[in-house]
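Presented below is the structure to which this report refers.
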Amino acid sequence: MSSFLSNEQLRNIAAEYGTPLYVYNADRITEQFQQLKQAFNSEKVSFFYACKALTNVSILKHIKSIGCKVDCSSINEAKLAVHAGFPSSDILYTSNGIAFDEIEEAVSLGININIDSLSNLEKFGKKYGHNYPVGIRLRPNIMAGGNLKISTGHDTSKFGIPIEQLSDIVRIMQQYQIHIAGLHVHTGSEIKDVAVFMKVTDVFFDLVPHFPELQFLDLGGGFKVPYQDQEEGTDIQALAKEILAFEEKIEQTYQRSFQVWFEPGKFLVSEAGYLLTSVNVLKETTATTFAGVNSGFNHLIRPMFYEAYHRIRNISNEKGEIKNYTITGNICETDTFAWERPMHEIREGDLLVFDNAGAYGFEMASNFNSRYRPAEVLVKEGKSYLIRKREVFEDLLRNLVEPF
Ligand code: LLP
């Protein structure tokens, strides 16, 4: 059973809170988490929600309430997680390209840390020696993910310490007696193929003997969810089976046992989210009919930035004749959400909903063109709660300094 909000629920929410609006369904997040828990069904496997997908504190609190841990990509995300009530042992900080003082701050919070460069590893060793167990992020030189922009493990990627520098890692570890507690690899987002995760476990398998104090193997995030009709996501059952077999192989070969960690972002929140917009103008041209909504890439940049497909539905005219429309926004730059998309007939004022808007939707929104970012609403057990107020004009002036 999967819970999606009905068109009627979405229309009522739009009437109550206005548009543009992000709406999240907490029950769908829970359901996705349960799917992971049930598939793996092992105390040895932990899930850390990659909160860069959606950091609203009410979402973080929900994630915590269902027993999921949290992965952060900046020290501020880590502080939001602390604010949301996560214990430090349930917070993971996997950063990239950061100054060492962020790592020091993470240590002072007592959270789990994955280090992503030799330079920071060396600084870490000098300062903490054996006193603070730490993970290292590796770059395995594996090409994976939905498109190059969201691929992070390949041989020209800036992420992680390149695997060919293993001898440097071991040298630094030994020199400073660093307690390397974990190995981390995240090869990309929207990885459908289970074999990609298993390639990473092959890499881990060979590395284990080099790290005598390992406690966890972290495979990152990247589970694919369907965006289009008929599209399929990562086969979680198949992945779980193979990961558990990998655990056994490790135990038999090395007589050692490790926690396996995952950091799903999209998988947990993508399908839980909707962007509700209203049609401002219809414009018929010889090329296409434009339906211009009260949004743009300032609210949902994925279609423009990654050529990502988002299902768009007219929920004000469910029985309307199907016609083709080009859905654009109100930004002074080309902001095409979809070109010539078949939709139920659109009238000005109709509500168009964008599906799969929970992950990297609001989170990548901006105030471009001095427009407000959308408000956010969370639906929990059928009841709706405002979790971020709509911005107002004063918000655009906040922090501005006017010396003249
Ligand atoms: N762990 C690490 C270290 C990551 O860098 C990421 C995503 C994740 C976990 C979560 O990946 P997910 O399960 O959400 O695929 N803005 C892009 C996605 C960028 C992902 C960046 N890192 C998009 O909208 O497609």
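Glycine is treated like the rest: Cβ placed from N, Cα and C.
In TrEMBL, annotation is done automatically, which means it is predicted and not curated.
According to TrEMBL, the features are:
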type: DOMAIN; residues: 27-270; note: domain 'Orn/DAP/Arg decarboxylase 2 N-terminal'
type: MOD_RES; residues: K52; note: N6-(pyridoxal phosphate)lysine
type: BINDING; residues: G222, Y360; note: pyridoxal 5'-phosphate binding site
type: BINDING; residues: R302, Y306, E333, Y360; note: substrate binding site
type: ACT_SITE; residues: C332; note: active site, proton donor
Of all the Cα pairs drawn from R302, Y306, E333, Y360, the residues the record ties to substrate, which distance is largest, in Å? 21
Could you give the Cα-Cα distance between E333 (substrate binding site) and Y360 (pyridoxal 5'-phosphate binding site), in whole Å? 21
For G222 (pyridoxal 5'-phosphate binding site), the spatially nearest of the recorded positions K52, R302, Y306, C332, using Cα atoms, is K52
Quick one, of the binding-site residues Y306, Y360, which Cβ has the fewest other Cβ within 10 Å? Y306
Tell me whether the residue listed as 'active site, proton donor' sits in a helix, a strand or coil according to DSSP. coil
Expected list for ligand 1 (Cβ under 6 angstroms, recorded positions G222, C332, E333) reads G222
Starting from the residue listed as 'N6-(pyridoxal phosphate)lysine', work out which of the recorded positions listed here (R302, Y306, C332, Y360) have their Cα within 10 Å, and give them in sequence order. Y360
